[in-house]
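Straight out of Swiss-Prot:
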BINDING   Glu182, Arg228, His455, Arg496  L-aspartate binding site
BINDING   Arg228, Asp229, Glu230, Gln237, Glu489, Gly541, Leu542, Asp543, Arg544  ATP binding site
REGION    206-209  region 'Aspartate'
SITE      His38  site 'Important for tRNA non-discrimination'
SITE      Gly90  site 'Important for tRNA non-discrimination'
Amino acid sequence: MIDFLGGWKRTSYCGELRGGHIGQEVTLMGWVSKRRDHGGLIFVDLRDRDGISQIVFDPERCAEAHAKAESVRNEYVLAIKGTVAARPEGTVNPKMKTGEIEVLVTECKLLNPSKALPFTLDGFVDVNENIRLKYRYLDLRTGTLQQNLILRSKVAQLTRSYLSDNGFIELETPFLTKSTPEGARDFLVPSRINKGEFYALPQSPQLFKQILMVSGFDRYFQIVRCFRDEDLRADRQPEFTQIDCEMSFIDREDIITVMEGLMARIFTEAKGVKVELPIERMTYQEAIRRFGVDNPDLRFGLELVELSDIVKNSGFKVFADVVNGGGIVKGMNVKGAGAMSRKEIDDLTEFAKIYGAKGLAYVKMTAEGWQSPIAKFFTPEEIATMDKAFDAKEGDLLLFVADKPKVVNDSLGKLRNHLAAKMGLTDPNVFRFVWITDFPLLEWDEEAKRWAAVHHPFTAPMDEDLQYVESDPGRCRAKAYDLVLNGNEIGGGSIRIHQEEVQSLMFKMLGLSEENARSKFGFLLDALEYGTPPHGGIAFGLDRLMMLITGSDSIRDVIAFPKTQKGACLMSDAPSGVDALQLRELGIRLAAK
């Protein structure tokens, strides 16, 4: 028989009780995590979001409560009253926060039973993720996921407190906006009132936060949901959360200083990790030169070494021809990996090919010198020069790629991360931040045969590069900056264009006609003509940040109700079909599948 609360009030959470509570009368409420019948006495681990208390049903203390305990099973919901007591000698559990006490039950209410579970919640058995997502309400009862989400809440509170203390105003921007598909696809929402017209869910609040600066709010922030209809990965979701900020009358240094303080506050108070300020900085060009990528993981070495000048006149035509044809040759020294087998090197070669490399040359450093199929093509002087460049020692493994600069950097940059993971060089307890600055403003899109914005069309060029936007676009650097943590971009921002004529020029460079630019962004262009202050901002990906703080493998482990890699919610069965009446009201007719 199911009981009602009947006016009972919880006095403590299950994880709160300690030795200092011994002798107190308490009321606990929660779920049965485990039940053990010891021939008369029944022991139940009662769990809530705060932890577990062991409660004891003794028929001599309360026969009615003991009778109820005989019928309970895992995940039944109970409310109990009892007395906190010290555990008997020899039964103290130092692994539990409440391990020195137990609660002797005097009354019990069975608030709800539970069906047999589709999987256990103890974490000892691997469960298919789709099953976990289907029964997300059960999965969320597990300690790890609950603690992840509680910590996420703390980070959000710290963010609001810090930004408010620094003069930021929390403002909301619309979710139903105009579609301006320049990057990922928009999620579209049909308008019932204006048939044939659509809203778009925002990919970011970019334009609205800039307009708030035009409006004179000076400093804005928002912890906001954003939406992108794109193919998903372990660290991507169709809906995601940003810590979004914008500031007026500032330059890059002002933004970086304030946001470094935010990261230091979050990591100190939420993670117990001190962030050394100021955070290291590196230009985009330096990052590409040293690490092959613009989001380098600085927890380990494996830096890239360019060898083009050394090999351009060598007898190894593969390298020489690439360099003389406008390409480059780079390599890396994998310290202590000289014993790697040929199969392992072949596997690395196949990995590099994923990113465009045609092959991977290698050298094993032995007591006799180079052991490699390519050794015979180089003079002793060339070998000595490369050894010095690599700081090569006996037992090392040298890896080389020769190709166009983009292919070389992409393949070796990704290979560097792959090797670090394979060799255990990425300590999860180390957090290395770096600001990447001075990005290119524009990049040539070979497929579309036009220039594209590296960040977004509202990023301002460096003052000294503005003169080259039309004449030499590839030369222009952006007032953009990314914050990278352990090889993950966790935030990106820029100083914005605040002059209408410069913004119109940028749209022109991106291949937008004046009419098209006005159609998509006319409200921004109009606003820029009414006294817009210099302004800039940044957005941090809260989901990815929490994934790194908690050491999770996927952002799905730090989001309460995530989607699958097919964009589905298995629990609620979204997306789903809608009935014909709804479609008729919207003026929509579905094409045949």
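The first residue you see is number 1, and the count goes up from there.
Just so it is clear, glycine is given a Cβ too, placed from its N, Cα and C backbone atoms.
A description of the local structural setting of each listed feature is requested, covering burial, neighbours and distances.
All protein chains considered, the CB of Arg228 (L-aspartate binding site) has 20 other CB atoms within 10 Å.
Sequence-distant neighbours of Glu489 (ATP binding site): residues of the same chain at least 6 apart with a C-beta under 8 Å from its C-beta are Asn295, Asp482, Leu483, Gly541, Arg544. The secondary structure of Glu489 (ATP binding site), as reduced to three states from DSSP, is extended strand.
Long-range Cβ contacts of the region 'Aspartate' (206-209) within its own chain (Cβ-Cβ under 8 Å, at least 6 residues beyond either end) map to 173-174, 177, 180, 220, 222, 244, 246, 456, 458, 521, 523-524, 537.
Around His38 (site 'Important for tRNA non-discrimination'), no same-chain residue at least 6 positions away in sequence has a Cβ under 8 Å from its Cβ. His38 (site 'Important for tRNA non-discrimination') falls within a strand when secondary structure is assigned with DSSP.
Annotation note: Gly90 (site 'Important for tRNA non-discrimination') sits in a coil segment as assigned by DSSP. Contacts of Gly90 (site 'Important for tRNA non-discrimination') defined by a Cβ separation under 8 A and a same-chain sequence distance of 6+ are given as none.
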A 10 Å Cβ contact count, applied to the binding-site residues His455, Arg496, Arg544: which residue has the minimum?
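Output over binding-site residues His455, Arg496, Arg544: least Cβ neighbours within 10 Å is His455.
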To the nearest Å, how far is the Cα of Glu230 (ATP binding site) from the Cα of His455 (L-aspartate binding site)?
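Rounded to a whole number, the Cα-Cα distance is 17 Å.
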What is the number of other Cβ atoms found within 10 Å of the Cβ of Leu542 (ATP binding site)?
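Excluding its own Cβ, the number within 10 Å is 24.
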Looking only at C-alpha atoms, tell me how far Arg496 (L-aspartate binding site) is from Leu542 (ATP binding site), rounded to the nearest Å.
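Rounded to a whole number, the Cα-Cα distance is 22 Å.
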Could you round the CA separation between Arg228 (L-aspartate binding site) and Leu542 (ATP binding site) to a whole angstrom and send it over?
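Arg228 (L-aspartate binding site) to Leu542 (ATP binding site), Cα-Cα distance: 15 Å.
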How many whole Å apart are the CA atoms of His455 (L-aspartate binding site) and Leu542 (ATP binding site)?
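Rounded to the nearest whole number, the Cα-Cα distance is 19 Å.
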